[in-house]
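Working notes, beginning with the structure itself.
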Amino acid sequence: MSDTTTGSDAADAAVPATTPADLEAASARVDELRAEIERHRDAYYGETGGTVSDAEYDALERELRAIEDAHPTLRSQDSPTQTVGGRAETTLFAPVTHAERMLSLDNVFSEEELAEWAAKVERDAGRGRVRYLSELKIDGLAINLRYEHGVLVTAATRGDGVVGEDVTQNVLTMGTVPERLAGSGHPPLVEVRGEIFFPVAEFDELNARQLEVGERVFANPRNAAAGSLRQKEEGKSPARLELMHARIRRLRMLVHGIGAWPVRELERDAHVSAQSEVYGLLEAWGLPISTHFRVFDDIAEVAGFVRRQGADRAAVEHQIDGIVVKVDDLGLHEELGATSRAPRWATAYKYPPEEVNTTLLDIVVSVGRTGRATPFAVMEKVEVAGSEVRQATLHNQQVVKAKGVLIGDTVVLRKAGDVIPEVLGPVVELRTGKEHEFVMPTLCPECQTPLKPAKEGDIDLRCPNARSCPAQVRGRVEHVASRGALDIEGLGEVAAAALTQPLEPEDPPLETEAGLFELTMADLVPITVVVRDAETGMVKVDEKTGEAKRVTPFRRKRVLKRDGAFDPAEPWGDEASVPSKSAEVLLENLEKAKTQDLWRILVALSIRHVGPVAARALAGWFGSLDVIRAASREELAAVDGVGGIIADALLDWFEVDWHREIVARWEKAGVVTAVPGHPGPGAAAAAGGVLAGLAVVATGSLEGYTREGALEAIMAAGGKAGSSVSKKTHYVAAGPGAGSKLGKAEALGVRIIDAAEFRLLVEQGPDAIALPEADPVPDAAETAPDGGSAEDATAATAGAAEAATAEAKPKRARKRKAPAAAAAAPPTDVEAGTAVHAEPDGPAETP
């Protein structure tokens, strides 16, 4: 849970500043909120799932929106209130640009807010009665199916609404999505929007199977859907490959809308003029639709539907977190339009979380990667919002005290947003007198080191034994293997626990991450490990035996020969076992990781504040870990994208002996910590790198480049890879799906280039794509027709200039020369244009 103030109180407190100090405070709070919201978005749309409840997240967005409404000068186009979803940054899947942007949905939280939304819709529509379609909001993974002439071309995740990830093969593996649409008369291009989910009834069985094969369990069905769909076959053992396919085949999909098919063509070619009729068309094409939707003549009937569905939501096959309400008339969709992130013709009614009672059996404390000690409630198993819950985080000792819970209490439990378990408080009238208070331990439960705040005034207690606390080492090893770092397949939660805290042998193969690249098969095979809970890190107990659950992740039973004897050639393990495929895969992938990019090595080292952006900047500027370590604070801070705080964090990290030992042992094991062929610190810029002093923004899908590849190409050429367009931007490389950045570049007069020009730019520099000056407009006196007046000449010249401008309009920015480093565009700013009929990411389903 965030330590920041959230909720309606915070939103109500967001009033216009009256002094420069007040405005500065509002600006600082906006920066905090944006960073926190983006962090939660990245977690929610990535594999890890949500880090806060839906209610907490919604409160953060509402507070940010309230401040921006009060101070419009603080609103920007890249604010979370103006953008959609998360980024598509994984290196596993190819980027796919949607033909029509996938928008999000605005939310309402009460019947009063729903009525206010409907009143505005009807007022803006300028007509009498408006019909509304209502359907369940599926809590799953948004998907976009692109069909060309009735044939499936790609299936992609939503991503940021413009560019998603290509998951076509996995979607086809599901077996419920047709490769070819039924019927005839299909348009040349249509996008079908839907939601992929994991059935609630099969969720517990899935997690049981995950544990059997040593895979992590999922916190909820939505995470199961995202984790199952966003995986690849490469590097997986046969057992894990079969598990992957089995998980994918259990996924279900329901479609709820159409994109990239203009309303006029829908009406003309398919005789469809209402959202409810779209579902009939989709069903006729053989696509899976929900039958659970209703059309109502007024908003009061919609409110009744909302209440009825809220009471029965546990009976639905998938998780839901609200009701989507859409204007049924497609013509009104065009008239009402959309904001930069959501249509005005639809909204989502968000339900308050479901609440149940259960018994608080104990409060245990677990320690995470950063040493933070977090208390968890251990409860009697209870079903809430469609799945069984036994544990919930209590965040810190102050939260435990504020909630007033005692061990042994009957407590009220809910799933915030129907996803994250949360203990609300005790049912005091049911106390028997046998309950007792929780006392926060003074020692780390993993290594017995005294817990203490990181600094004076901190609420959280932390274990300072960062080097050898098993929980922290385990967490850092998982981080090294994560997709954002070295991306090592086969080194997940179970493997990390096995390497750092095995039941057998007594001495763990890894005391710290320093020994990771020194591992051998002989280290792996003997390991036996207890199974730990994915959320708390606590040891799981076998319900039949009462003992800790054990697995041997790196060995399997040896197959007997026909004569009943074992093959004596196997050198590892006992006489009945041999190395598993998991062991082979892990060692292979560790070897591959040794040549990962330098910026990924920097991220893997768990240096505070050093994320991918700063790591890329450091790697691009200095070129090697040795040079970074030898740099002064001033040299580090001077790198664009680094600054003083990160510079201090780097210096502090390298001051620690065991940190330097990690680098030394990794290098000795063959990890490459330098960029091959790098000319030296800042050489690309200082020695005339082809983009020295130039700021370049890449947006949309650039052929031949991933998102990360485009950024790296800019920085490798000595340029600054910008994340937003401003008057200081020199070039915008725009591909399909460029969105608002393209619009802003056009408004500012920034040179816009395509993928081919971008390649020339980063390889050869601005001169390779320089454009000639526009021909000068002739003087009016010289162009006057014989016998014509000066006014005639002026008019003729103006007409010629207007015609020339019209002809060149699509390439108007190309009239500029290649900019020099100090060149600046006019300080103009505009709101980006938006599509008006983009189907929102509102999973649609309704009983």
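Glycine is no exception: its Cβ is also placed from the backbone N, Cα and C atoms.
Worth saying up front: this structure is predicted, and the values here are computed from it rather than measured.
Per Swiss-Prot, active site, N6-AMP-lysine intermediate is recorded for LYS137, and the stated evidence type is sequence analysis. Marked as NAD(+) binding site by Swiss-Prot on the basis of sequence analysis: ASP54, ALA55, GLU56, TYR57, ASP58, SER104, LEU105, GLU135, ARG158, GLU195, LYS326, LYS350. The Zn(2+) binding site annotation in Swiss-Prot covers CYS444, CYS447, CYS463, CYS469 and rests on sequence analysis. According to Swiss-Prot, the compositional bias 'Low complexity' annotation covers 1-22, 786-807, 819-833. Taken from Swiss-Prot, the feature domain 'BRCT' applies to 686-775. Under the heading region 'Disordered', Swiss-Prot lists 1-23, 770-847.
Shown on the structure are the features that Swiss-Prot records.
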residue : record                                  : CB count, 10 Å
ASP58   : NAD(+) binding site                     : 17
LEU105  : NAD(+) binding site                     : 22
LYS137  : active site, N6-AMP-lysine intermediate : 27
ARG158  : NAD(+) binding site                     : 25
LYS326  : NAD(+) binding site                     : 30
CYS444  : Zn(2+) binding site                     : 23
CYS447  : Zn(2+) binding site                     : 16
CYS463  : Zn(2+) binding site                     : 24
CYS469  : Zn(2+) binding site                     : 23
Message = Using DSSP, what is the helix/strand/coil residue split across the domain 'BRCT' (686-775)?
response = 34 helix, 15 strand, 41 coil
Request  = Determine, using Cα-Cα distances only, which of these recorded positions is closest to CYS469 (Zn(2+) binding site): ASP58, LYS137, ARG158, LYS326.
outcome  = ASP58
Ask   = Can you list the residues of the same chain, besides CYS444, CYS447, CYS463, CYS469, whose Cβ falls within 8 Å of the Zn(2+) site's Cβ centroid?
value = VAL367, GLY371, PRO445, GLU446, GLN448, THR449, LEU451, PRO464, ASN465, PRO470, ALA471, GLN472
Query = Is LYS326 (NAD(+) binding site) helix, strand or coil when read with DSSP?
reply = strand
Task = Give me the Cα-Cα distance between LYS326 (NAD(+) binding site) and CYS463 (Zn(2+) binding site), rounded to a whole Å.
result = 51
Query = Any idea what the Cα distance is from CYS444 (Zn(2+) binding site) over to ASP58 (NAD(+) binding site), rounded to a whole Å?
reply = 34
Request  = List only the single closest residue to ARG158 (NAD(+) binding site), chosen from the recorded positions LYS137, CYS447, CYS463 by CA-CA distance.
outcome  = LYS137
Query = What is the interatomic distance between the Cα atoms of LEU105 (NAD(+) binding site) and the residue listed as 'active site, N6-AMP-lysine intermediate', given in whole Å?
reply = 11
